[in-house]
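Student: To start, I am sharing the structure in question, which I have written as structure tokens.
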Amino acid sequence: MAQRNPEPTIRVLYATDSCVITYSLMLLTGQESSEGVYAISYDWSSELDDLFGRQPRAPNTDAGDGWSSTEQSDADQLATALLQRKPSVSFCLLSGMVGGASDEPQDRVRPMFVCVFSTWTGARALAMTLSHGHPLSSNTLLQALTEEATFLLHNDLILALAITTENVTARSGRTAAAAKYDPQRGSVKAAVIGHSTGRSGLTSVYIHHENKVLTAFRRLYCNNNTTPFWFASKFGPGEREIVLATRYYLFQAIRCSRSGGTYDLQAVKDFIRTYNVPAAPNPTGLDLTHLTSFSLLSKFCCQSWYSRGPCALALPRYVDLRIQADVAEVSALEGFIAADRQGLRVSDREFITYIYLAHFESFNRKQLYDHLLAVSIADPGDIDRITSTSSLKRGTIEKFFAQVRIQLNIRDYIAHNVNPRVVCLPASIGSQYAQDKTYTPSSTTMSTGSAPLGVCDTSTPILKLLDRVESSLAGRGWIQTIVSPNKPQSVHSTPPLDQSRGDELSPGVSSQCGISRRLLHIASSPPVNGRALPLEVLFGQKGVPGPAPVYRVALPSKRQAFAVIANDRWETTTQNLARPGGSKQAYEGGFALAGFGEIDDCSLAWRDLQLTRTTSGVCRTALASSNASAQMYINRNEIFNSSLAVSNIILDVDFGIKRRVPLGMLHLAMRGFRAGIITTLSLIFSDATVQWDSYPCYFYKTSCPPQLVRALHRGEPSSFPDYVDGVEECYMESDFIDDYAAMEEYTDGPMDDYEMMMVDNECPQAACDNTPPNKEGGKTPLQRLDDTDACECTEKMGFRVTVPVPPPYLLAGPEALRGLARIIQQAVVLERTFTESMCSVLRDFSFIDTGVYSHGRSLRLPFFCKVGDSGEVYGGLYPFYVIPPKCNDVDEFVAQHSNPANFHFHAAPRHPTITHVITDLGGDYVSFFERKVARNREAIMTKRATLESLLSSANVSIKSHEAVEAFVVDVVLGEVVSHLATHFPDQSGEYQTVGVHTVVTKPDWILMQINRSGNAYRSQGFSCLRAKHLRSARGLARTFLSISADVHGRLCASISQQCFATKCGNNKMCTIFTLEVDRAK
């Protein structure tokens, strides 16, 4: 093993008043100059630590010593030591761009010449230069310069210059015998052999080609034209930084540090900011503003107390340990994130939020400040403690990651984040509340024995019927929802967005009358003045009980109808599933088929699979009907009524999958899904009087695409629309906008990339052929489930899950239901059975859509199908059995899947006693990460101006619709019309005489619809600002204006439109432009 060279070395960064490259070449060629060399910074090898690591002596004023005598004494001592040890002194210049970082350590200085000061005069001159910044004369340098070591650095460059300047070429030919040379020019080989190196070689080239030599050296030494100001600004701003950072970054980062050589200059300066070792004032009395020459800069740096002594000696170790402490904290954060990446089952968006939050919690302003205080030292003796004093990791664990771990246990999650608000009622009042706030039992009874009673028609006839009904009720005190078109700016009218797609605006009908809102209001209203029930007036006969369900029916060609049904023959729709043999026998026989030895989740999943497989059905007609009354039995969507109580928890589940899922594993996953639901309900409905092991959860799966569809998808194109598994129709009724947060949360994208034509007579659910796997003794139960036939869904898989609210509870309002769905989402992803079955195939862990729980939103019922643009019927929702572990009657449980009372939001409760009504789940059941982001934003971010404060400054009350609308008409509309005239000149004329109507008022956002003024027969729509449409689609777009405050505290107005055309997103709200409002006008 080679021994380390004990020869001591010193490296000096030098500068001159003139061109440093020219001066250096003069020295290398043996020419003496009248100028001297200034030392800007220097470094020494470890063999000289005892020499330069001693603290310089301060003058003893009591003994009459001055700075000059102290300087002489220190210089003499240093000169003696240098003369004794004779270190090799390399004089260096900058090499490469200063300040950047690199993946690998790179030398930042390059030596120009090497000296050994072997005389007392030379050693003392060097000592005065290093300790006091005196210039070193060229004569002294020439006497001490060692040519062998110096020109060993430059001989290669000298040869390269000789070859290029003499214009020589390499020989041609592969062998020596075939070698050919250009007779007019010499060869490279001859030039290398014949040209001398060393001082004579450099002098020869320099004399004949001075400019080329200067250019080559300047490029090699990075065009070194630095100035004192450059050094002060680059390495400053203080004495400590300019002395210590210059030395460490240029010299010590490569020689002493293990990892410091890869950090940039700013990082080095940041390290030194926490290196608070005190030092005496600079003896020169100068500051950085005085450093206008290299002479002053050299004196300032060399006489600084940071240039030598324990402070200078300990810096490399401090930087190493400081880097170690920083990296340990950052690595801990990465370790936590890596661990949570596998265990934290949240949506992709939430996981991204989690990563940002984790970094914010670890590296926010306070955390970093505390960490920097912990790693700051004032005594070099305290360096070793900095790796253990930081609380950055410990504080992050306690304040953030411990809270994240709570999210991984549903019981802790609910205990910390959920605080249900329960209203306790006497049994008599509770029963009356349930009777008034849920559907009449006859509307969801399988067979009432009487003819169906209800109304069902398309939008235009329904609107006319509603006008007549409300006009009839107006004399009894009914408040009409129709608004006179002569008052478009009224604040009492119904919100827009209600016109059905495919139905043109009829003359005389205000576009502000929401069909679903009016129907929901009539269907759920009590008798007017205690006499006339609005539902009776709607049906035209007495004795009609209420409330009644309101449905939306999808028709071909994107049309739709609406229905209110008081009683119906549900058996014509739900009793289409034939069950050969008894369900119980089929269920219990599943063990024998599989050969399972014990009852566990795998065996129960297998029996669920057998029961689902034995259920066959009859598909609907091949094409949808244009007759609304007939189509109602093919497609039916319940419209959510926020004024009624909720008796069934209905979940719209859409799984995004990476590949096909074996049906056995899917049944196993749904058992885990059920377990998550039951766990949530048992914790929230703590007073429920039920047996949770036998409590029903009804699952319905969207039918798989048939074989014909897969053939079309793989081969020829089809004119049929994409097959959709889960997300419901994009019908946007007026009332959805009453909950803007729910609107944002709702997704509209297609679910399956399949095209479909149901022409076979076989139920789509039966398209998944689930023959039992061959018995193989070596396979585990889980492997047997994994070997079952796969579901035909390849990208998306839709489910509808319904769970009766356990007695004696009811839910009141959409907020409680939306919160419960979000908690169930959290509980399901924490269920081990579910995650182990589905984790590898799920694209996202956000699969329960909570946007459907808004007034006026519709959700398709089980046993009904979807309707394509061309009238084809597909995607029916059919039972997917998940039998409770302790089910008392399997046949009854299977039959209950067809009971409409189990899959309507507002069906009459099956239990007679209601004593608890949950109005809100309270607490912070929203995502922990969302809550954390909101709190951090409030605590850290600058307080932004609110919309209320901006309007108040204009003497407008945000609580007064009339005042806000007047402000918009007087101030905002003028700027909007001016902008339209500039950028949309063809459509701007439509906005010359318009008014506004308030739709939604939020604390930070107000949405208004722009209405045309004029008579009732004038079209209320506007031209689309995004695209040109055919004549039939012109003038049907609705325009909205919203005002809000931006992040800079400015009042902004946005124009949005909703166009019914397909190319514009089928009724999708789209922002056209946003502008700043000049309130000074």
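Just so it is clear, glycine is given a Cβ too, placed from its N, Cα and C backbone atoms.
Keep in mind it's a predicted model, so treat the numbers as computed, not measured.
Reproduced below are the annotations present in Swiss-Prot:
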COMPBIAS  484-497  compositional bias 'Polar residues'
REGION    484-508  region 'Disordered'
SITE      ASP652  site 'Essential for primase activity'
SITE      ASP654  site 'Essential for primase activity'
ZN_FING   1024-1064  zinc finger
Student: Just to be sure I understand, if DSSP states are collapsed into helix, strand and coil, how many residues of the zinc finger (1024-1064) fall in each?
Tutor: 6 helix, 17 strand, 18 coil
Student: Relative to the Cβ position of ASP652 (site 'Essential for primase activity'), how many further Cβ atoms are located within 10 Å?
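Tutor: Cβ-Cβ neighbours of ASP652 (site 'Essential for primase activity') within 10 Å number 22.
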Student: Would you count the other CB atoms within 10 A of the CB of ASP654 (site 'Essential for primase activity'), including those on all shown protein chains?
Tutor: 22
Student: Per-residue pLDDT averaged over the zinc finger (1024-1064) comes to what?
Tutor: 83
